[in-house]
Amino acid sequence: MLNKAVLAEALVVFGIVLLVHAVVWDRFSWCAVALAVQAFYVQFKWDRLLQLGGAVFQFRTAANSGLLPASMVTPLLGIVMKERCKAAGTVYFERFGIVVASTGMLVALFLSVIAVGITKPVPTNTCVLTGVAGSVIIYTMKHSLTVSEVIEVLEVLLIFVYLSMILLYLLPRCFTPGEALLVLGAVSFVLNQLIKRSLNVVEGRGDPIDFFLLVAVVGIVLLGLFFTVLFLFLDSGTWISSLFFHMMTAVLGLGVVMPWLYRVIQRNPLLWLLQFLFQTQTRVYLLLYWTCLAASACGVVFYQNAKISSGCKKHQASTITRKYFHFIVVATYVPGLVFDRQLLHVAAALCLAVFIFLEYIRYFRIKPFGQTLRQLLSLFLDERDSGPLILTHIYLLLGMSLPVWLFPRSCAPKGALSRAGALVPYSGVLAVGVGDTIASVFGSTMGEIKWPGTKKTFEGTMTAIFAQVIAVALILIFDSSVNLNSSYAWILASISLVSLLEAYTTQIDNLLLPLYLQIMFMA
């Protein structure tokens, strides 16, 4: 029997796909629709493999495979980016959008082929659908991509294959197949982009802010891979191993990451960063304000742990307590979006690197803080942190930051042409900071009518939609750069669909919801 929640989630995703292509219809639209149909069928094969324990790697068990919603994110994002940049006359990013869409389709198709290949007996109908979808996608790519772009797509696929084999083996139960597709596909694409740009550096070309993000992400991931392999042979909890960890971090940071960053931005990275951070008085005030918010977040963590140590019987933080961090993140991002988006772009990249580095220290039990971090963060675990890594806070940061990072500034619509596209940088704030938070708080405290097949409530979803509409009105008041130009019906439809997706999805909503809302706003 088919799961009602999975079917409802699929209907919402199909609704988003069809709405986007009602506005943006071209040759890639046929590919996206074909990919969605075959991903819907293959998703049930993945779910069956997970239930029977037939998957090659260990995936997160408290959720379905999530293949359909994850498969559509990157292709849709590339398609709407292509149309936005085409309208803005930015040929480079128009071609970049085509590469993003093609890469997303090919990687998702590869994951579907894997599921079909290991399913016994071989599902004939699903094989036919996968073959038809693959034929449509490859035919379209053949007539849309140049030879260099085809090579680039295949490079990302190759990196994805090797990265998946390594990380899914080393980190069991950290991802569902859909989450692995999103996260590892993104890391593979970023790594390929950084290698490509490093080999084709032209002085004065490219924004140092974008290069800083690429190097920060790739550098911290490679650092983790290095120590993961190293500590397979060493006990990471000793003082000698901890000292070696800190020394090698300094060596790799100063000897690899810094020269790499120097090569791509053509200036001293540390001097550039200091000049950038303290360039204006507004930036200094924002940094001081963010420091106070970070201190308050740390205070919440220490206070909740002190309550447990004093004899409180409750060993897990409540939903409201966990959502307090969402409110802090909203208070962090909104001033940055209003006053200085470039500073927010760089600060979010720095914060991501710090979060991942602290997770390395916790995971490897690096002295002197590793065990302390384990004790402090264990209070805030939920069912999504079933693997060895704690990723929910990193997903929250990514969900808020991706809309700021992903949309090319040169393609941003201006003035009366902006419409819903002006809200793209606010997608994370609206979907996660406001919508998900309000839905969880009101749903858990006052919700009575549950959506079929889920624990989420009708009252929580409706309250979330209303709260996001109010938030859009406040953005219009306080951010003079936002001009919606009568696109209110589209905004309401976008918010409603994404809120319904939040009610039915079992994937990491902090990561999935902002991306879908961004796609809808960009369309």
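Glycine residues also receive a Cβ, built from the backbone N, Cα and C atoms like all the rest.
Going by TrEMBL, these are the annotated features:
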- 12-41: transmembrane segment (TRANSMEM)
- 92-116: transmembrane segment (TRANSMEM)
- 153-171: transmembrane segment (TRANSMEM)
- 211-234: transmembrane segment (TRANSMEM)
- 243-262: transmembrane segment (TRANSMEM)
- 282-303: transmembrane segment (TRANSMEM)
- 324-339: transmembrane segment (TRANSMEM)
- 345-365: transmembrane segment (TRANSMEM)
- 386-406: transmembrane segment (TRANSMEM)
- 426-446: transmembrane segment (TRANSMEM)
- 458-478: transmembrane segment (TRANSMEM)
- 490-517: transmembrane segment (TRANSMEM)
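Stretch with the largest number of CB pairs closer than 8 A to the transmembrane segment (490-517), among 153-171, 211-234, 243-262, 386-406, 426-446: 426-446. For the transmembrane segment (426-446), the partner stretch with the most Cβ pairs below 8 Å, chosen from 12-41, 211-234, 386-406, is 386-406. The highest tally of CB pairs under 8 A with the transmembrane segment (243-262), across 12-41, 211-234, 386-406, is held by 211-234. Nonlocal intrachain contacts for the transmembrane segment (386-406), taken as residues 6+ away from its ends with a CB within less than 8 angstroms of a stretch CB, comprise 60-62, 77, 81, 171-175, 213, 325-326, 329, 333, 337, 341, 344-345, 348-349, 351-352, 355-356, 359, 362-363, 377, 380, 424-429, 431-433, 508, 510-511, 513-515, 517-518. Here the transmembrane segment (12-41) has Cβ contacts under 8 Å with residues 67-69, 71-72, 75-76, 78-80, 82-83, 98, 101, 105, 108-109, 112, 125-126, 129-130, 132-133, 136-137, 140, 143-144, 493, 497, 500-501, 504, 516, 519-520, 523 of the same chain, all six or more residues outside its ends.
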